[in-house]
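A.B. asks: Okay, here's the structure, questions in a sec.
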Amino acid sequence: MTMTTGAGLARRRWSALLWGLLGVVLLAVLWEGYKAVGPPTGVVLFDTSILPKTDDRSMPHLVDMLSRAIEPVNTSAGSPPVWVAVIGAALTSLGVAAVGWAIGSVVGFLIALLMQRLQVTERAVLPWLILSQTVPLIALAPVIVAWGGKIQIGAFSWDRWMSVAVIASYLAFFPVAVGALRGLQSPDTIHVELMRSYNAGWFRTLLKLRLPASVPYLLPALRLGAASAIVGTVVAEVSTGYKGGIGRMIIEFAQSGTSDPAKAYAPIAGAVVLGLVSAGIVALIGLTLRRFNRQEAAS
Amino acid sequence: MTDTARTTTPAPSEVLPAISVRAAGKIFTVAKGAEVQALTGIDLTVAPGEFVSLIGPSGCGKSTLLRLIADLDSATSGEILVFGKTARQARLDQEYGIAFQSAGLLPWRSVQANIELPLELHGVGKAERAARAEELIELVGLTDFRSRFPDQLSGGMQQRVAIARSLAERPKLLLMDEPFGALDEMTRERMQQELVRICSETGAAVVFVTHSIPEAVFLSDRVVVMSPRPGRIVDIVSVDLGAGTSRSDSLRENPAFFAGVTAVREALHGSPVAPLGADLR
């Protein structure tokens, strides 16, 4: 697969883009189609709502969402258009998420390293890692905010955005730890024995063999971690009450839902785009490591 | 019987043997504490520059013996000396080069970088590394491929890179575990011929694990015939086909070559092999 020609690669990229667009169009058709034919009161089966109501308050037209996005946020003078406010909030969230992702990736990688080095830790730590991801973020957020509030070292004081970043890192470290562990363990026995025959110690083996071999596993893990960091940031913003980010904006706009239903969809779309952008940025980092993505030589 | 075969090698007082194995045994502990006797009572001496093949059916412990010499496993009994040192010390001192059945090249390294790997690990300078790699690339005939990556090479080429890599530090001992096992017959014969040439040029002693009788006879000065359950040496057949440089393809049709093949076959089967048409297996 590494010998794919430039033309073939370009064609594949185009078709990927086309399929992506088709997905968006399909979603739009589904939305508007159901809105056109579905009953206004929704579908209720045995007192359970199966399908949503189709009135304009529950399901605004796509056109309304778009036109609302270019109107000002509110009626006060000098209020920016919604899309500008969304981009601003998204960038704030991106910054916090990036810090969370970086911390989470470093911590996740160090944990993986520890687990690779000492098999005992793998058996002892891995179940805890999995358990850590089942703790609801909503429950965790107030604890972290409370702990953070107690930290004050000289001129440094804990800021609310740091709590958000910590929660984001809490989600981001997991895929990185698991992916990095698999990657570090991926070299064949023959490679490990070869390093042994060269009398290369653990660190040399790590540097020359395990690290490069882990790249194909690490890159998707980092991408997943980036998406997790965004989700963590959005949720943490809401549960910690941090203002200025996209998560907070989704809540604020949704609260004006009854009078202005189309407004809330702009920050939601913003959050989706944010996830894509962050994954894209990590993919760009991955391009610099393409050499290590070569397939195992078939012999 | 092994004693008589060893008389051809010089006594240890004259020259330090490349390998000296005395009464070595290996027991593997498998599940539930059960034990498998992989090797028992192994006595073997390999002289410097000598080419010795280990041959035998699957499970006879020939690969295990090689791994003991390489210190990739440790013997449960007996003594293994490599150039007078313990196997472990010999590994720490980088006394041998090793090649396995699969080439085991690092996929993210070019041909040249793969060959340089052991040198790099042992702190050899960049210029010196490149010069040595250049020599070796020429030796194994891959001059046009030095910047290719392993996935762009055929199986035979990959194996040549692996052999070049095993020679990188000019070891006086080469350990090879069925290095041509995965190659097709024609590539295999060509690689064998190149190997005898390379070995006689470098003067290294070789321990070569194989389960091909013609391969063992063509390459070796002596063929060590092993038998399974428990793994042991049943015979050592001396093959006198002349120096490595003089061994060419025509040797494969030589009566002396056939005599060697027959001798090894008889040792493997434990009785005189019946003439063609009456296979007594």
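Every residue, even glycine, has its Cβ placed from backbone N, Cα and C.
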A.B. asks: Given A:197-216, A:217-236, which one carries TrEMBL's transmembrane segment label?
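C.D. replies: Among A:197-216, A:217-236, the range TrEMBL annotates as transmembrane segment is A:217-236.
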A.B. asks: Going along the chain, which residues at least six beyond the ends of the transmembrane segment (A:217-236) come within the CB cut-off of under 8 Å?
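C.D. replies: Answer is 93-94, 96-98, 100-101, 104-105, 108-109, 137-138, 141, 163-165, 167-176, 178-180, 182-183, 186, 242, 245-247, 250, 271, 274-275, 278-279, 281-283, 285-286, 289, 293.
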A.B. asks: Are there residues at least six beyond either end of the transmembrane segment (A:264-289) with Cβ under 8 Å to its Cβ atoms? List them, or say none.
C.D. replies: 60, 65, 68-69, 82-83, 86-87, 89-90, 93-94, 97-98, 101, 215, 219, 222-223, 225-227, 229-231, 234, 246-247, 249-250, 253-254, 256-257
